[in-house]
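Q: Pulled the feature table from TrEMBL, pasting it below:
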- A:70-92: transmembrane segment (TRANSMEM)
- A:104-125: transmembrane segment (TRANSMEM)
- A:145-164: transmembrane segment (TRANSMEM)
- A:176-193: transmembrane segment (TRANSMEM)
- A:213-231: transmembrane segment (TRANSMEM)
- A:238-256: transmembrane segment (TRANSMEM)
- A:276-295: transmembrane segment (TRANSMEM)
- A:315-338: transmembrane segment (TRANSMEM)
């Protein structure tokens, strides 16, 4: 019973966050393009995601003729299940995770690599050329960027000496300079770029590519089945943001730690804010989530062959070179990170 | 029955069902997806055996990478199922002989004394399967491990060499040349007065 309570406590805010990320996306991109964005439903448009959800819930789910009915309806489930299940091992604060398992990072890597099945199956089961093209692009892209992502994570594991997410965060304790952001800067960039590519977000959203292949893999979907794909995509975006915060920016650790005198943390309310905690973790996650939206407003879509080139010929060599350098640094105990 | 036994039998049923589906369903994409399910059920068994590292790795490597490429290929193929069915009756006796032989071999291995040992004691909750495996790989089995790594590297290089060939007539663009392009090579500015109507 306790575990169901924990899951509810995690999933309810997560799904709310997903709903309001769509709202934030429309607002932020709106302001970046000097317009207001949705502002009709509720005060300043704040009930827009609720209205959207109601609209999608009441719409008909149309199964195209000659589509593979079972797989067509299973595909959204295959897309969302891994993106929610991966949250099981994410620690929000010291020990605040549903399952604090030893191979946590590996578990997340395994589950995020499963999300591609939803896209592939959706594209194939729709019996549509655009959908099939979208899913083929997506499959190739996710396989390619998973390698760079995995290598970047190997760097984190080498620095932290553990696969447990909590221990990885604890290994960054000290001050801002102890975070893995500095010693692993290239890996951090590679990880975040691969994360954007893995979630099929702009500028790597060729799987949807609305200007070339209509809407890619979900062109035939409507109503709630369509919404579930977007739920999965946004949940994955939040997950990648949270992981980047955990692995490279010290998760729930406070950036002021080690810089302010100890007395500052003993103050009644201010001390709690200054000290590490879930609020820092959420702030860092929100920052990376904002980057996702910013990218979409700023960058034009990559061409497909350029995506492949970036993945295989730029990101993977960068990670391999940095892993060698990091190996040397670990061997010589380069302080303060590898001491 | 304990919860573990219930889970074991439930997942074993799924595993056997999925494995049967792999070879019986007509559609190759369905077969590949059934194989994915079989891998998943196997990973579940490994996790129940407290080999969580291997279980997760099975999902990561086979389900997350190998089977995606499999699906990728199978989706592109236009396989004529009816023609594939033709040989079924003809090959059935041979298949049966092989199946019975395999079963016999398995029975010999499992039935022999090797597996008649008490199960290992349950590890403590803080036991790290991953660390234990890494320790063993890099101490006791370091040479087999390194040799396997070299063989894999050879396979990777061989695969690249086999497919690396310059085909004439491809529309390949050199990214370096693309990036070096200057405006005045491509655009010509023309000054002209607006024409009167």
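Quick reminder: no glycine exception, Cβ is built from N, Cα and C everywhere.
Automatic, uncurated: that is what TrEMBL annotation is.
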Q: Taking the transmembrane segment (A:315-338) as reference, which of A:70-92, A:145-164, A:176-193, A:213-231 has the most Cβ pairs under 8 angstroms?
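A: Answer, by Cβ pair count: A:145-164.
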Q: Are the transmembrane segment (A:213-231) and the transmembrane segment (A:145-164) close enough to be called in contact, which here means at least 3 C-beta pairs under 8 A that are separated by 6 or more residues?
A: no
Q: Applying the under-8 angstroms CB criterion, which one of A:70-92, A:104-125, A:145-164 scores highest with the transmembrane segment (A:276-295)?
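A: Per the Cβ under 8 Å count, A:70-92.
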Q: For the transmembrane segment (A:145-164), what are the same-chain contacts with Cβ under 8 Å, counting residues 6+ beyond its ends?
A: 100-106, 109, 113, 171-172, 180, 183-184, 187-188, 190-191, 193-195, 197-198, 247-248, 311, 315-316, 319-320, 322-323, 326-327, 330, 337-338
